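First up is the structure itself, then whatever we jot down about it.
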C-alpha cells in the first residue's frame, strides 16, 4: 500500500489542508522548524500509532489543543476484481490527550487495535537515531526484528502479548519475598511453552531476513563483507529446555527480581572477527550495515507482495553522497514508497547518476504548509 493522501488536524504545526503524494518518491525540503520532519512524523503516527521522535502523545498535539487527527488514503496499485478501479483503503487515528481516548478507523469502521493500521501501512524510519540498531543494546535489535516478524507472521502480535503477560507474572513472583516454588513452576511451564512458539516464529523470519540481507550484502564492494557474521540468539541456549534453564538459575533471577532468560533477551548478534561490530566497525561502516539491514527488511516484505513506506529524515546530515546513492538505488529497486527530507533544495540527479530517475514529487515546506513544485 502507498500513502497517496494525508490530512492532519492539530498535529504539531502542520496545516490541515490535504496533500497528495507520489506512490514512489517524495522529496520534501525546508528550513529547520518548517514542518518537514513533522510530515514524516504524521505519516509514522498513522502507521505506528505513536511518534518516532517523542514518547509523549501530548508533545505532537498543536499548542493550545487537546486532540489530534491523522487521516490517510492508501492505494494498493492493484485493480479490484471485475472492476477497473484501483483498490483503496482509508485509515485514520484520533487521539484526545485530555480524555486519554483514542479512536481508530479503517475504511470507516472502528477498530480496536493499532495493529490494524500498522498492517495497512508498514512504516520504516531511517533517521539519525536508527544507527543505534548496531551501536545500541539488544532491545534495539529485538525491536528491529519484531517489526518484520509482525508484518510477516499474523499470529506474532497476540503471542507476544501472552508472553508479556506471563513474564510480568513471573517478575512479580520473583520480587516476592517468599517464593512459592510449586506455583513458580506452573508459570515456568506456561512461559516456556509460549517462549518456544515465539522463538520458532522469530527464527523462521530471521532466516528469511538473513537470506535477503546476504543478497544485498553481496552487491557491496567492501573488505569487511566476508568476515561479517549475523546470527539470531533466542534469549537462551535452546539445546536445553527453557524451563530447565529457569530452574537452574532461580536464585540468580530472584536476586535480580526479573526474568533473565527467554524471548525478552533475544538479540541479533553481529560480529566481525569474533567481536561485536559495535566495537570493531567505524561509524561509517555501522551506517552502511544499518542501511543494508533496512533494505533487507523491505526486500523480505516486497517478496511477499507487501510495500513498505520508508521515511528518510535529514539523511544528508548522516550519510555522504555514496551512501545516499546506494540507499536511493536500492529503494528504487524495491518499488516502494519513499519520503526524503532535507534542508537544501533536493537535486535528484545526485541520487540517480545514471539518468534512471524514478517518478517523484517535490514539496517545499514552510510554516507547516506543503507546496508542490
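Glycine residues also receive a Cβ, built from the backbone N, Cα and C atoms like all the rest.
Annotation source Swiss-Prot lists ATP binding site at 30, 31, 32, 33, 34, 35, 36, 37. The Cβ neighbour count for residue 31 (ATP binding site), using a 10 Å radius and every protein chain shown, is 12.
Scoring each of the binding-site residues (32, 34) by how many neighbouring Cβ atoms lie within 10 Å, the top position goes to 34. With a 10 A radius on its CB, residue 35 (ATP binding site) counts 23 other CB atoms from all the protein chains. Annotation: 30 carries the greatest number of neighbouring Cβ atoms among the binding-site residues 30, 33 [cut-off 10 Å, Cβ to Cβ]. Counting every protein chain shown, 21 other Cβ atoms lie within 10 Å of the Cβ of residue 37 (ATP binding site).
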